[in-house]
Amino acid sequence: MAAAGAMPGGLLLTFLLLAVVASGAYNSAGEPPVSRRSFPKGFIFGTASSSYQYEGGAAEGGRGPSIWDTFTHQHPEKIADRSNGDVASDSYHLYKEDVRLMKDMGMDAYRFSISWTRILPNGSLRGGVNKEGIKYYNNLINELLSKGVQPFITLFHWDSPQALEDKYNGFLSPNIINDFKDYAEICFKEFGDRVKNWITFNEPWTFCSNGYATGLFAPGRCSPWEKGNCSVGDSGREPYTACHHQLLAHAETVRLYKAKYQALQKGKIGITLVSHWFVPFSRSKSNNDAAKRAIDFMFGWFMDPLIRGDYPLSMRGLVGNRLPQFTKEQSKLVKGAFDFIGLNYYTANYADNLPPSNGLNNSYTTDSRANLTGVRNGIPIGPQAASPWLYVYPQGFRDLLLYVKENYGNPTVYITENGVDEFNNKTLPLQEALKDDARIEYYHKHLLSLLSAIRDGANVKGYFAWSLLDNFEWSNGYTVRFGINFVDYNDGRKRYPKNSAHWFKKFLLK
């Protein structure tokens, strides 16, 4: 289907040229064909993004600073190319073009996050509401709806307000629960008449483990003996404290939405979790147990409270009094606090049992007593992508979904991220940089794995590819590219469809 509105001439030419290239570029011989028509009726396909990685306009439109602004500017050495998200993919200015790209591919939905500090520059109601920020997101939502694309909104994708970090250490304080709830309520009031799917938090595991255990992500806290070279932190306590407060903020926000807005707005609300799949390093009971502990410490950390009202038994046993406890009231509040679960899957690891530590230097990174690796006996679990942590293992996608089905009562699931990156090779001519056949293979095989899980009863209702565009990839900066559309960082952030964009367009034909 043609995109509404005129496409820039260069972009149109690229589409026409690549339509020829893409038609035969990826040889899927040996793999069953897959398309939209393979999936259940009403299944949603979309792409995903996040505010700090995409928007830019960091100092425009009344936006206040987030912890990622501070982290990238004060610690450029922690970013591979010393870059930041000041401009990012410039979706703050180019959002209409982004929506045209989605529409042209035939995408049903777009998952994006709201920048908390674009709504509340100082993080709380006391600092005032930024009307320019409200206007920007209204414009984006209305543009999406005018092109037939459903908005799925994430309220928090790691860019918490620096003002709240300064005031009470952000998510280390229970004070953030009410401030987050106030922020969420503004979004429900302003956008909820048109937005029918809400996600409170994106990947609390990543935020808490990288932000408070290793110090590799904002706010850059860790114990002094960790490799993150942090000036402050406690890797054995703070990750658990921060994520405890995220779970409580999530649950309070869900209660608010269900009590005041859901009946009128008729939307749904959930949370996005991430998990790798874990394969025992060898066929031993100790390594089987290590794989189970690994998934408990990454996924069960959040899923167990949401389903059962408490943390996994393995975490309670190994972390002890460093793991916060839920009161009876909190347990009841968190349990069942979702309409759906967003699930992000990228990769798998082998899990190898570790003996108990000496009790010194406690850290989330070693509490699970599982050594995680992508390589066994010199052989990787799957092809390695540009990011050193990302090994391609489609089978794990199916295994994870069936694990969720069998262990957590088969909740409604949306795959809110799935994707792969390549290196940003600045020497490649544009036409070569658009040939991302490895990404097409990744999507083809993962969609087949997803389809297999659905046929075996997994209750999955939608799939969002990560990502619509190349973008600022956190500590990797702009050294890797996850987009199905190429962003030219040297020429006004122009967008060019990669082969995978054409593949998706063909896949999504109705």
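Positions of Cβ are set from backbone N, Cα and C atoms, glycine also.
According to Swiss-Prot, the feature active site, proton donor maps to GLU203. The active site, nucleophile annotation in Swiss-Prot covers GLU417. The beta-D-glucoside binding site annotation in Swiss-Prot covers GLN53, HIS157, ASN202, GLU203, TYR346, GLU417, TRP466, GLU473, TRP474, PHE482 and rests on similarity to another entry. Residues annotated as disulfide bond in Swiss-Prot: CYS208-CYS243, CYS222-CYS230. As annotated by Swiss-Prot, N-linked glycosylation site applies to ASN122, ASN229, ASN361, ASN371, ASN425. Residues annotated as signal peptide in Swiss-Prot, with sequence analysis given as evidence: 1-24.
The Cβ neighbour count for ASN229 (N-linked glycosylation site), using a 10 Å radius and every protein chain shown, is 13. For CYS222 (disulfide bond), the nearest of the recorded positions GLN53, GLU203, ASN361, ASN371, GLU417 in terms of C-alpha separation is ASN361.
Taking the C-alpha positions, the distance from GLU203 (active site, proton donor) to ASN361 (N-linked glycosylation site) comes to 25 Å. Long-range Cβ neighbours of TYR346 (beta-D-glucoside binding site) (same chain, at least 6 residues apart, Cβ-Cβ under 8 Å): VAL274, HIS276, LEU390, GLU417, ASN418, GLY419, VAL420. In the three-state DSSP classification, ASN122 (N-linked glycosylation site) falls within coil.
Counted over all residue pairs in GLN53, HIS157, ASN202, GLU203, TYR346, GLU417, TRP466, GLU473, TRP474, PHE482, the record's binders of beta-D-glucoside, the longest Cα to Cα distance measures 18 angstrom. The beta-D-glucoside site is defined by GLN53, HIS157, ASN202, GLU203, TYR346, GLU417, TRP466, GLU473, TRP474, PHE482, and by the 8 Å test on Cβ atoms against their centroid, the other residues of the chain that qualify are ALA48, SER50, ASN344, SER467. For the recorded positions listed here (GLN53, ASN122, ASN371, ASN425), the lowest count of other CB atoms within 10 A around the CB belongs to ASN425. When secondary structure is read from DSSP and collapsed to three states, the residue listed as 'active site, nucleophile' falls in the strand class.
Cα spacing between CYS208 (disulfide bond) and TRP466 (beta-D-glucoside binding site): 21 Å, rounded to the nearest whole number. Checked against ASN425 (N-linked glycosylation site), the recorded positions ASN202, CYS230, ASN371, TRP466 differ in C-alpha distance, with TRP466 being the nearest. Comparing the Cα of TRP474 (beta-D-glucoside binding site) with the Cα of every entry in ASN122, ASN229, ASN371, these being the glycosylation sites, the smallest distance points to ASN229.
Under the DSSP three-state reduction, ASN229 (N-linked glycosylation site) is assigned to coil, being neither helix nor strand.
A Cα-Cα distance of 25 Å separates ASN371 (N-linked glycosylation site) from ASN202 (beta-D-glucoside binding site).
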